[in-house]
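As recorded in TrEMBL, the features of this protein are as follows:
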DOMAIN    10-216  domain 'CWH43-like N-terminal'
TRANSMEM  12-35  transmembrane segment
TRANSMEM  97-117  transmembrane segment
TRANSMEM  129-151  transmembrane segment
TRANSMEM  163-179  transmembrane segment
TRANSMEM  302-321  transmembrane segment
DOMAIN    305-351  domain 'PGAP2IP first transmembrane'
DOMAIN    364-480  domain 'PGAP2IP first transmembrane'
TRANSMEM  376-394  transmembrane segment
TRANSMEM  401-423  transmembrane segment
TRANSMEM  429-446  transmembrane segment
DOMAIN    502-688  domain 'PGAP2IP second transmembrane'
TRANSMEM  505-523  transmembrane segment
TRANSMEM  549-567  transmembrane segment
TRANSMEM  640-663  transmembrane segment
TRANSMEM  675-693  transmembrane segment
DOMAIN    746-980  domain 'PGAP2IP C-terminal nuclease-like'
Amino acid sequence: MAASEFSAASIARLHTVFATLAFVSTFVIGCTLHYKKIVKNDVAQYPDEWFPSVSATIGDWYPERNIFQILIALTSGPRFGLVFLQYHLHRTAKSSLPTIVFLFGLIRTLSCGGWVYVTSSDDHDVHDFMMVLYIVCNIPWMLFGTITTPIASTSIRKRRRQVSIAFFATLIPLVYFFVQHKIYRIPGAYTRYSFCEWGLILLDVLYDSITEQEFREAGLRISLGGPTTPESTLNKTLSQTEKNSSKLVQGIPLPPTADKAMTDAVDTALAPSQKTMLTEERVPETSSSTYRCSLSFLSDIYLAYTFWSLLTALIPTLFYFSVWELSIAGTELALFSLVSPVFLSIKFASPTSGVASNTPTMPKFKTLLDLVKTRRGQVLFQTISFIGIAAYAVPSPMGRLLLVAVASMAAMLRQSVLWAGIAQGEEDVGYQAIVTGLGIVIASWTKQANRSNNPIWPFINHKAGGWNKTGLVVGLLALYEYSTRPVPALKPVAQAPTIRQSSSTLLGALPFACLLFSIYNLLGDAGTLVAWSWTGYENGVPRGPLPHLHGSLTIVAMVAGSLLALWSITRQTRNPLSHPLWFAFGAASSYVMYAYRNWPGYLGGLGTATFLMSIIPLIFQKAATAASGTQGQLGVATTYGIAMFVYCIVSVLNVFTVAYAFVPGGVYLRERTDLILVFSTGCLSLAFNIPGLSQALVSRPPSRHLSTKFKNHIRTAFAALSVLTLLTTIYRLPRAPPTPFKPGPKIFTAGIWTVHFGIDNEGHDGQQGMMNLIKDMELDIVGLLETDLNRPAFGHRDLTRLMVEEMNYNVDLGPGPNQHTWGAVLLTKFPIISTKHHLLPSPHGELAPAIEAVLNIYGTEVTVVVSHNGQEEDPLDRELQSTELAKIMAASTRPVLFLGYVVTNPGAQRPHPYGILSNEGNVHDIDIEDADRWCEYIFYRGLYRTSYARLSRGIITDTELQVGQFMTPRHGHNVTDDSYEARYLRSPKEDLPEAHWMPMEYYGSAESGGVNGHFYHVFNTPLYYKLPEGALV
């Protein structure tokens, strides 16, 4: 039977026609029949909202929903065909990208069915997830699809590039308006979101329609039915080749059998073409080498991730002791375990006289370096470094610190040799630099996914979301792969000349040290740059980015910088990122980050993130060149030893900028983050080709096998991380606005808690325990103090992240790490109208932060002040700070609630803080008869207080939780009777409605009762108060 044949371009055209018809017809029918219904949403309706979303148009009403689903069903066949045919054209032996595009194309097509046939009215969460998955899959589909388009197809590549850029650009306003609608509930925002959503649909269809041109230019045809012989196929193909010689891409090899199963399936279904016949000349190759290459790459990046996790765990582990001592505790010396590369120059004892030197029982390594650079030595020291991950099982904080210090020593010994490019089989410094960057990005993403805690840190146990056992097992598997990896034969590599001067070691070590410090100091968590730029709310919306919403942008910027780094080291010319102009960009970005706030400051931070990640290979190669200078075996030891010593010193000095009141000589660095930034940036400049500054050292070029062996693996890994960070953010987006715990009776509960930097008494992270108590006490407003952990000393943790995402709070982070305070945070279930940050007068002691917020509490605007004042040792500071707080509260015409750490005796008059706050601030103590207080206080004005409780600290912190329960006067009314007698109508809880009762399970003592060591203490019960007669609430 004769075979029928038709152009594959017709399949692409059919897909375009069906897809366009589906959306256009549904939009027209929906607007005609149900216009006001499909523009309505949970925030607003017509006329505030006047343009329908895609979800409402296609999924809510008959008959448009049914028509749309039928047309999409007709579209599915051509779409699957389009995905298969595009893979057939793009597959090549030199890249796995076409396979990746193919897989994402399948997922994309299946997820389309998810949001089409599970409508928003059926299951809103499933519908949204499928639609988000579809959009996310479009990123690799478009990006890699454009990259894999043959270079000779200039018109097709140009069109795909233009559509892809437009698609990605539209995502920015789409996310912005979605946040405005979903979180801030602004009427009209969903209409703007809908425009972006429809724009994405049109761009999506337009991108896929380009395949019609590609199939036509390639002369791709499909043959149906009839047997074919090799001869007829060859003749037909040669004829087709001559016919389309001006359009076909020349010189692009077809894939080997690495994708053989998929290739055979596609080839069987498609008629032979020029591309098919060219594969007859291919030499088959086994998939084992490709598989092992991929496995080796995954092992390398996981081992890099464990190294970075260990490096960033050391300082928080030792700082536990400094926090409890509030001074230098001596354990800080453990930080200098990172200087272990100096031991690489240690010489082993010579063989005993009279014994042959080649005797197996005698040492065969002259120095420790000789051992570490062998495969056996690398495995040995990597194994020792895993002790740091396993330290989570040690209950003693001191025991954990000792193990982490030993592990850090071993890790630095191994890593220094890898970075120097002298480890056996690991001579590519550029590859090691990129892998290190990947490990850093993975650490940032795992922290984002684990609420700012690295899941394999030794002080993060299972109670705090740790994955220590899993991380250790995966690490051992990666190490096993590394130990059994074939060692490639050494090939001589031509070296660029190195000018050997005595300064070369410093020129390599200083930039290396400051690069590691800068990355950890600024990029230790995706939310750190957000915290640097944060200033609060205005008119009900944030002035800048929020960590849980926009932190993923930091990771995307890090990925962008890493891809720039990859591009720079795979060029055959001199590294273009060593040009002074690129350093100028980095320095300018750092200045904007430091000098500006809100979105401008954060954009400067994103530029800094891109810059720092992009120069990792440049600086690693400078250090490796310095290590291979005139000093022989000492080169690696001195270069990396000096580098890590400088890293330790800068890290300590960085702590002094905020802890100046507790360390000798700290006054000289008080609030001088600018000096730290200038010094670190200045040291980075030594790695750039700045005339007259850094010409004493010329970097050796990286070996070029990276470009062919791992380039695609690296691109794929970075693309996957970009997708994962965006998916993590989207998954954690709140599904509804925050709601108070007791909206019915209009009761709200507020608490103040000094959380001691989130480190519990056992040296573990305390977020989970904090959240459990806050949730049980049903706190609608929470003031948390000592919370600014976006510093290396605390591991760049965010104590609000878990509660914001799990309990759906609005949050004000307070003054950021560049404001040099210990931190204050406001969490609230009520809408935040505005906030203002204050740095209270602190001439002698620590800088005191305060947050002044206006909240909409059941329709009444209430001023809430959260403050952390100075210590007992600085009476002048406390007096000035209390005076400033009193002015803030006295100036407010609204009801006032004060939650603060004050350090004063109850009833003490000026100059003591209590008298200043209560008298000059015109506020009432929550219970003036509670004489057993010192640090934490709650004051109020213009509210009805109905309950007051104090809960023991348990093991979470060193300070109790104080809780007050309040009611606002009826809207438009004030407190009817504010006298002492009216405020102190004490009552047993049984005389009050049950809604006022605090949780019963927290009755107990230190011996029994309570929950997790928390119980009502001092009074052994909450105190309750009746409303005064005639109170209107």
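Counting starts with 1 at the first residue shown.
Backbone N, Cα and C define each Cβ position, glycine as well.
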At least three Cβ pairs under 8 Å linking the domain 'CWH43-like N-terminal' (10-216) and the domain 'PGAP2IP second transmembrane' (502-688), pairs spaced 6 or more in sequence? yes
I'd like the per-state residue tally for the domain 'PGAP2IP first transmembrane' (364-480) from DSSP, helix first, then strand, then coil. 84 helix, 3 strand, 30 coil
Please figure out which one of 305-351, 364-480, 746-980 racks up the most CB pairs under 8 Å against the domain 'PGAP2IP second transmembrane' (502-688). 746-980
The domain 'CWH43-like N-terminal' (10-216) [mean pLDDT, rounded to integer]: 86
What parts of the chain pack near the transmembrane segment (429-446), using Cβ distances under 8 Å and only residues at least 6 beyond its ends? 300-309, 312, 418-421, 454-455, 519, 523-526, 554-555, 558-559, 562, 565-566, 569, 613, 616-617, 620-621, 624, 700, 702-703, 706, 710, 714, 717-718, 721, 724-725, 728
For the domain 'PGAP2IP first transmembrane' (305-351), how many residues does DSSP put in helix, in strand and in coil? 36 helix, 1 strand, 10 coil
